[in-house]
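**Student:** One structure follows; several queries about it will come next.
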Ligand SMILES: CC1=C(CCC(=O)O)c2cc3nc(cc4[nH]c(cc5[nH]c(cc1n2)c(C)c5CCC(=O)O)c(CCC(=O)O)c4C)C(CCC(=O)O)=C3C
Ligand SMILES: [Fe+2]
């Protein structure tokens with residue numbers, strides 16, 4: 001990998017007095033599943049059949065998603081990483097769709113006297129679902145809590161060497177379990193085509209960022225081994241009504257195509273996700289694996305970053321980078337690929353909600369807008 005500028009060695013968090021981890025949230029017991037799904041899909045036009053089906057995914061894992069435990073583990077890894085360099089910032093955690101709910105966390109932060117916080121979102125790419133919706137949640141929660149701290153969201157980190165590097169290792173590991181000549185299928189969450197078209201400051205940000213990250217992983221593996229492989233970017237977890245076009249191909253259809261082409265095996269690399277949550281353990285490890293087994297296509301799934309030290313150190317570096325930028329300094333902004341480092345503050349027109357004009361920017365209160373179906 002190219003040599004990157006080393007981040008600012010001074011571990012100065014000024015002007016921040018806290019860090020907030022913001023995530024999706026997930027159910028922890030069977031009775032949580034329906035209310036959780038209602039939270040996720042309120043006003044979003046997801047057909048009832050799809051909800052029943054997704055409910056079954058959760059019930060088949062005892063009604064418990066691993067995502068909250070994974071966030072607890074990430075919080076302790078971050079605590080350790082902060083402590084190593086004497087960074088005594090408190091860490092908070094809030095979710096969009098389940099306890100601890102963001103608004104409650106913000107209330108706690110306010111009561112603790114936090115004035116200015118930086119937020120790490122467990123979503124690495126630009127899109128309405130992966131970025132702006134979280135910013136709307138922050139704006140809504142801030143508006144609901146009197147005296148709430150000011151909160152800045154970290155830049156998108158998918159093309160950061162820490163994130164890419166973590167997938168390089170896990171992809172190499174997955175490939176080591178497969179026959180020679182195996183392909184790589186990079187996988188991410190499908191979104192409506194239209195949501196992609198309007199993602200990022202110039203549109204198509206969701207897909208172009210994924211393509212860029214996939215190309216960097218592929219190039220680094222090729223540099224290491226000299227082996228050229230077939231690679232594709234494919235999608236999982238489609239929902240929404242069938243008449244609305246979402247990004248394709250679906251990972252299962254792609255496995256069929258690979259088998260038909262006589263590919264000897266496939267590494268499935270979930271570059272769209274930061275931990276092995278339900279989309280990964282159900283849609284890939286259960287459903288896609290069953291497809292691969294039916295096709296007698298050897299498949300190995302690469303690990304997500306989770307608490308990989310490269311990923312955890314990256315998050316710490318990004319907190320310090322943003323702090324330096326807010327102090328008016330010009331910190332190094334490590335990034336790989338063709339697209340350049342992510343931007344600190346999203347432009348007001350970045351990643352608009354589908355058919356929901358006038359959504360707010362980072363620190364603005366949410367404009368009242370009718371939630372319509374996608
Ligand atoms: C881009 C993206 C990410 C990655 C970025 C990020 O991480 O944020 C992501 C992550 C996740 N998605 C998750 C779960 C769900 N997503 C749903 C529905 C949807 N996701 C969408 C997009 C994304 N989703 C979209 C456009 C919809 C349609 C409805 C809408 O416009 O909102 C539904 C409804 C049922 C269904 O699947 O149809 C569920 C249950 C979980 C939790 C897993 C667990 O519990 O372990 C996680 C991490
Ligand atoms: Fe989702």
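From the backbone N, Cα and C atoms, a Cβ is placed for every residue, glycine too.
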**Student:** Out of 335-354, 355-374, which range is noted as region 'Disordered' by TrEMBL?
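**Tutor:** My reading of TrEMBL: the region 'Disordered' range is 355-374.
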**Student:** How long is the line from the C-alpha of residue 279 (Fe(2+) binding site) to the C-alpha of residue 134 (Fe-coproporphyrin III binding site), rounded to the nearest angstrom?
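**Tutor:** Distance between the two Cα atoms comes out at 19 Å.
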**Student:** For residue 65 (Fe-coproporphyrin III binding site), just count the other CB atoms lying within 10 A of its CB, please.
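**Tutor:** Its Cβ has 25 other Cβ atoms within 10 Å.
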**Student:** Using Cα coordinates, what distance in whole Å links residue 65 (Fe-coproporphyrin III binding site) and residue 189 (Fe(2+) binding site)?
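**Tutor:** Their Cα atoms are separated by 17 Å.
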